[in-house]
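Asks: Questions regarding the structure given below will be posed in turn.
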Amino acid sequence: MEGASSWDALEWNKIESVSRSVTHGMDEFLLEAEEVIVQGHGVVLVNTDTAGTLSVTNFRLLFLSEVSRDIIELGTIALTTIEKFSKQVVKPSSVPRQLDRTPSRRLLQVFGKDLRIIVFGFLPRTKQRRAVFDALSRYTRPARLWDMYTLTCGPSKFSNINPKLRLIKEYLRLLGKDSLSISSKKIDEGSIIVSNDWWRISTINSGYSLCSTYPSSLIVPRSISDEELQQAASFRGRGRLPVISWCHAGTGAVLARSSQPLVGLMMNMRSNMDEKLVAALCTQTVYGKGARRKLYIADARPRKNALANGAMGGGSESSSNYFQSEVVFFGIDNIHAMRESLARLRDYLDTHGSTSSDGMSSFLRNGGWSWGGGNLSSMSASVSTLGDSAWLNHVQSVLAGAAWIAARVAMESASVLVHCSDGWDRTTQLVSLASLLLDPYYRTFKGFQALVEKDWLAFGHPFSDRFGIPTSSGNSISNLELSRQSSAGSLPRTSSVGSSSHSQVANNCSPIFLQWVDCVSQLLRVYPCAFEFSSAFLVDFLDCVLSCRFGNFLCNSEKERQQSGIADACGCLWMYLAHLRSSEDGSHVHYNAFYDPTKHDGPLRPPAASLAPTLWPQFHLRWACPLEAQAGKLESQWHFMRKSCTEMAKVRDMSDMKAKDLQVNLESLAAQLQKEKQLSISAVATARRVYRENLAIKKAIEALGCEVHFSSNNRNHQLDRGNIVPDIIEGFTSPLRRDSADGEEHDDNDDLCVSIVARDEQSVSDNPISRVCETLCPYRTKEGCKWPDELCAQFGSQFVGLKANFDAFDRLSIRDCYFGSE
């Protein structure tokens, strides 16, 4: 036992009503709008000998491990998935003298529609089991549809769109008019006018007055008027007249469906309108030069059952009354036989699985030398028990019937009319499975959704009755049947406590849809490359359907779902599954790793030998034989490798993006460096030109006998005339240099001023003109010329300026090439 070595080592707490303290720490495990009703601590999951906390919520039984605080999948089941439950008392095996001292174990046994049997253990003298039992009695079968969790939760983020719109889109695809677009307003108004050469869409049932269990829009022969449809409906059970479920836009062959004809006990009742409608299904063949195709009428029932229905006004067709027809009986049993068969299969799996509901492995159950779950003598009994369940036989009957129908349509271009008694159980199984074989589109995710919504939902399979949930009118099925104990795998030494019983015959619950999904899984096993979805998708899809977490499969017909506003009030199962797939792209487990649409782009025609079914490991064995249920291990490994490759591809793409970014950055830096180089060359050229200009200016100023002084706004200093130009050039060629010769820094904001002043007399005296003036003029003294306005002074100034201009011109034009290029 996980967390305790024996029952007595557990701390048994009395169960409480829901309160904030009870649900404390449970928020992380609860779904949106999910609430805990009752909760018990120290409960034991007998199947795996695990101790934990058992909670009854408004959606499911939730079992948490006491040690790891993880959800235990086996002990967690949706309330609507529970078929029945009962209380048991087990006397522990011990020494006789200690028998009175050892308390008996109080058990709660839960039977699931998904083939599991769960047993929870409670110690005596506690009220835990009673509280859990009462909560299950109340919430597993709510009195009203609006009390169900899915309607309490609301649509959430998985909102639904108009199912009628999706049905019309599928009709347009079948008629070859999928390029057309029809608004929801026209659908609601019943003003759709679409047809091809053979068939048309009729809205005669837009108000569900023709047939309350048919969809509002129907595909019917173009040659039959709505008035004739009205007359033909009266000859079929529950008004379910022959209509087209699938048609080949190229050949004109069809799959049609209906309920049984009302021929009566003597099989002599006839209807001209019904015969005309059925004959209209036999259109002219494309290759027959006017010859009409053959019609097969496939009655899913055993012949004796069809004859027995004649006593109640029903029956079957006579080929003599229907043009160019042949009646075939498939011998598929009714819903009650299927329910009993699944119950026997569940008992077989619980008895002979690796882990049983009584906590005992089948390896130890029979004692002695064991092989494969028991001694050799018990192996034959195990195989016999599986055969007695007849589940695989029923699956094979449905597969064989669907394959026969598909072969007639694909190989003979014949039309097939399928019906049983009411036309919503076996008929739906055969028509939808045959469509799956004929049309590759239905083997994709989108096509599978369209197929289920058309043949199962729109054409009125009674899901509420088959699942045992309330209908839109508020009527619920009878209370849980609690009396039947499992035959082969039941707990030993038990007695039923507090259970009530009801007749199985009066119960309309039946695993018809589960059986159909099982058939799809068998085809997936035979044709692993033909389906886009995997077996894991079918398991998750079936779990969602059985749990009623979403509203798609509530009620018994399209009419009831529309009246209850299910599409707007509940979440959509298809949106939820699509959301799961989008989270991991193509690597999600719902994708079939071996899907190749080019390999099977036409009808599938399985030979009879390939239709021998086996147990579906991922579904049938996942609770009783969890290790063996991993039959898709190769596929799981492929998904793991594909996910790893996808992650590696993402890393590679990110590396490529980074490399491209680095390349772009390098190119940008190279362009900037090239630009800086051009600017540097331009700056050097400018500096050289300025140097020449400064040198020329310097020589011109010196020729005038003046001195140049530089000053800034913070200090004054005189620069040596020989260093004027080199300092300036250095400023251009070395812009990073900021230090002066004395180590001080220059401020870039300092204002530099240049002033030119005349030299003193001593320096002027070196001028030859001054010497001549001083020698010849008697008025010139050492203090300067006394007559500055005389002609001699003016002449001297002009002479000096002329000489300066000449010297500057001579140097600039000849020596320094001031006015021209070298």
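The backbone N, Cα and C atoms fix where each Cβ goes, glycine too.
Since the structure is predicted, the reported quantities are computational estimates derived from the model, not experimental observations.
Copied straight from TrEMBL:
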ACT_SITE  CYS420  active site, phosphocysteine intermediate
BINDING   ASN334, ILE335, CYS420, SER421, ASP422, GLY423, TRP424, ASP425, ARG426  substrate binding site
DOMAIN    179-620  domain 'Myotubularin phosphatase'
Asks: To the nearest whole angstrom, state the Cα distance for the pair ASN334 (substrate binding site) and CYS420 (active site, phosphocysteine intermediate).
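Replies: Per the Cα atoms, ASN334 (substrate binding site) and CYS420 (active site, phosphocysteine intermediate) stand 9 Å apart.
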Asks: With an 8 Å cut-off on Cβ-Cβ distance and a minimum sequence separation of at least 6, pull the same-chain contacts of CYS420 (active site, phosphocysteine intermediate), or say none.
Replies: SER259, GLN260, ASP299, ALA300, ARG301, ILE332, ARG426, THR427
Asks: Tell me, roughly as an integer, the mean pLDDT over the domain 'Myotubularin phosphatase' (179-620).
Replies: 87
Asks: Give me the largest Cα to Cα distance among ASN334, ILE335, CYS420, SER421, ASP422, GLY423, TRP424, ASP425, ARG426, the residues the record lists as binding substrate, in Å as a whole number.
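Replies: This binding site's residues have a maximal Cα-Cα distance of 12 Å.
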Asks: Counting only residues 6+ apart in the same chain, whose Cβ is under 8 Å from the Cβ of TRP424 (substrate binding site)?
Replies: THR213, ARG240, SER259, PHE459, GLY460, HIS461, PRO462
Asks: Report the residues of the chain - excluding ASN334, ILE335, CYS420, SER421, ASP422, GLY423, TRP424, ASP425, ARG426 - with C-beta within 8 Å of the mean position of the site's C-beta atoms, for the recorded substrate site, in sequence order.
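Replies: The surrounding set, listed in chain order, is ALA300, THR427.
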Asks: Have a look around ARG426 (substrate binding site) and count the other CB atoms within 10 A of its CB, chains all included.
Replies: 29
Asks: Near the Cβ of ASN334 (substrate binding site), how many other Cβ atoms are there if near means within 10 Å?
Replies: 17
Asks: Measuring CB to CB from ASP422 (substrate binding site), give everything in the same chain under 8 Å that is also at least six residues away in sequence.
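Replies: For ASP422 (substrate binding site), the qualifying residues are GLY237, ARG238, ARG240, SER259, GLN260.
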